[in-house]
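First up is the structure itself, then whatever we jot down about it.
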Amino acid sequence: MNIFICGSNQNNAILYEGTPSKIIYEPINITPIINKISNNDEILQISCGSSITVLGFKSGKILLWGIPLLTSKPSYQQNQNQKEKEKEKENQIKIKELDVQNKNDKKIIQKRSQFIIPIDNFIDQNIQMISCGTLSLLVLVNGEVFYTNLLFQQNPKKKIDFVHFEFSEKIKSISSGSDFNFVIDSNGNLYSWGSNSNGQLGVGDNESRSKPEIVSNLSNSIKKINGGGYHFIALTKTNQLYSCGKNKNGQLGLGDLNDRNIPTLVELPKDIGKIKNIKCGDVQSIVMNKEGKVYVCGRGRSIGIPEQENQSEFIEIIFPVNVKIANIFANGGYGASYCVFLDSEGKGYSVGVNKFGQLGIEYQNSNEKEIEALNKPIRINISDEYFIRDCGCGWIHSCFIGLQKEESLNSNPNQNSKKIKKQKEIEKREIEEDNRYKKSLGNFWVLPPEQIIQILSLLPRNNIILLTLTSWEFNKIASHNWIWQDIFINQFGKPEKKYLKIINDPKNFDYGWKKAYFSKIYSYDDYVFHPNILSKNNFSKIPKRKFWQKSGEAKVIFFGLDASGKTSILYRLKLGSIVTTIPTVGFNVESLSSSNFFNELTVWDLGGGDKIRPLWRHYYPGTDGFIFVVDSVDNQRMEEAREFFLTFINEPTLAHCVVLILAHKQDLSNAFSPKKIAENFNLYSINRIWGVFPTSIHLKSSLTKAFKWLDYQLYLAKNPKKKK
C-alpha cells in the first residue's frame, strides 16, 4: 500500500524538504515516511482538512500532520539564507526525493517524519470513520463520537484531547464541514453542531451550537450526509436530496442564490435515478448515481465550467469515453475548490482550481494547466501500476492511497469467490423474474405471429411486455411497422437493467431461439406530417440514394429550449452512443452523412440559453432546413417552447426552410404525443413542409428515421422535378 501526496508545502502539508512555498504538482510517494511511524500498519481511511492530513490505521493508530502551530516561523536572516541555499540544493532535492521513493535515504525520512503526530487515543479499538474540517477532527469509534479542534490544542505533539459526545443511539456515520459537524444515528436521525453563520446546521436559525442538536426536519430519514464550506447536502432513505446553508454560488442546487437555514428538497435531473454517493466542497456539491454518472453545482471554477460564475442547478459532468466513475471526493474545508473522481479501474481524475498544484496533474506551466483543469476532468498523474483506492482533498494539497495492481487483486483472498457467488445470485434472480413474467402472460406464448400482432395493436401505449420468440416468429413480427424501446422495466415500473434490442438466449439452442425485452410501443401512426405531403411522399417509400448519384450539401440549424436534449441527439447520431453533455454555450457544428442520404448535412447546434437566443439570427443566412427539439415531458415550459417556435417559423429568412420537429423523450410515460404537439404548435395552419417525429435518445433508429425524412425533403426542395 502506497501513499502519494501533492500540493503546497505550507505548514509541512506534503512533508517535503524545502521552503514552505514549495509546490509539487505531480504526486510523490511518501510511503517510507509513513511506514517509519506506523510500522507498516494497514491504512483504513484518509481524510484532509485545510492543510492537515489524517490517516486511520487498522490497529487504531491515527497519524496527523500539517497543523499550522507546528510550523516554526524562521527569522528574516534565516529566511534569506534559506533562499540562497535553495538554488544550490534544487538538483539534490530531486535526487533525494527519488531516494525516498526507493526507500534508501534514512536521513530524509527521519527529518520529515518529525512533523507527523501519532495519536494513540484509540489503539486496539475499531475506528469506523474519520472526518476533517478546516482544522478539526471527528472520529467514529465503535459507534461513539470523538471530536477535537486542533487549533486550540496546548501541545499537540505530546497529547491531543478529544471531547466525547454521547447519544441515545449508536452513531453510524459522521461528516465535518469547514467548522461544523454532523452525525447520523442508527435510526436515521441527523445531529449538528458548530458554526452556523449561514444556517448550515439546518436548525432554523443562524446561532452556533456547542453541542449536537437534532435536525428535526429530517428525523428518522437520513442515509448519507456531507458538509461543505458553509453548507451541506443530505440523502434520505427514499433517494431524496436535501440541502441547507450558504448558497452564494448556487451550491445548494435549488435554482437560486438564496441561503437556507432549514433543509430544502432539491429538484434533481429527471434521469438521475438512484443516488450512490454525495460530496461537498467549499463552494460546490457533487452527486453520483448508481450508473456512475456525476452531477455538480456551485461555483463554476470549482466544477469545470469557469465561464459560468454560479451554477445553481445540478448538471452532469462529462468524462472521457469509456470512463465509468466509481467514487467521488471533495472536502468542505476552507478553500477546497476542486473535485476528485476515481474510475472503476483505479485511475483518478480531477477538476477545479489548481493554484497550489492540488489537482495532481502533470506539470507544464501552472497558469496554462490551471485553465485546462478548470474546463474538464484531467487524469491524475499516478502510474498505472497503482490502483487508487482512496483520496483526501484539502485546501492546498491532496493525498492518495494506491495499491499496486497485484496487491489490489490479492488484498482480499475471497474476492473471486464472492464475485462468482454474486453472479450466481444475479442469474438466479433473472430466471425467477422470467418465470414470473411468463406466468403472468399465460397462453400468450403459444399464439401464432398473426394473433400476437393483433394483440400488440390493442395494447395501451405504456404496456410492459416480454416476448420469447423463434427467429422466424420475430422476423414476422419485426416486419410489422412498430418501433421498440430497448429498456426493460420490472413489474414495479422502476428501471432495472438494459438489454440489447434482441439478445441470443443461451438456454434455448434449438432453431436459434431469441429473447426480446420491450416496453412502450409506438405505431407509425404517431408520425405527423403536413397534410399535403402525407400521400405524396409516404415515409415508408423514401428511396435510397443510388451509388452513382452525387450527394448534395445542406445547412440545417438545430435549436430548442435549453436542456431539451439537442446536443445529446447530435452526439447520438454522430458517435452512435449516448453521451450526456453540459448545456451548450454558443454553438456546436457537426457534419452528418450516410450512404443513404442525398445530402451531407452541416448541422449547427445553437445553445438554448436566454442570453444566447438573440444571437441566433446571425446563423440564419443560407439555411435550408431547421430542426426544433421539444422536451415532450416538460409541461411547464411547453408554452414557452411554442412561443419561440412561432417566432422562428415567422422569420422571413427562414420562410423557405423545411421544418422538422422532434418530439423528444418519448420513452417517458407522461410525454406529449406528436399529434398533440402539432396541434399545440398550430402546425396545420403553416403552409410549408413540416413533420413531427417521436424520438428517444435510447432508440437511435427513431432519430435516424427523422433525419432521413428531413434529408429527403431537402433533396426534393432542391430538385423539384423529382416530385411525382
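Cβ from N, Cα, C; glycine included.
No curator has checked TrEMBL annotations; they are predicted automatically.
Keep in mind that what you see is a predicted model, and the values were worked out from it rather than measured.
Annotated coiled coil per TrEMBL: 76-106, in sequence order. Among the features that TrEMBL reports, repeat 'RCC1' is placed at 188-238, 239-291, 346-404. According to TrEMBL, the feature domain 'F-box' maps to 441-487. Annotation comment: TrEMBL describes GLY560, LEU561, ASP562, ALA563, SER564, GLY565, LYS566, THR567, GLY608 as GTP binding site. The Mg(2+) binding site feature in TrEMBL is assigned to THR567, THR584.
The separation of GLY560 (GTP binding site) from THR567 (Mg(2+) binding site), Cα to Cα, is 10 Å. Per-residue pLDDT, averaged across the coiled coil (76-106), gives 47. When other Cβ atoms within 10 Å of the Cβ of GLY560 (GTP binding site) are tallied across all protein chains shown, the result is 23.
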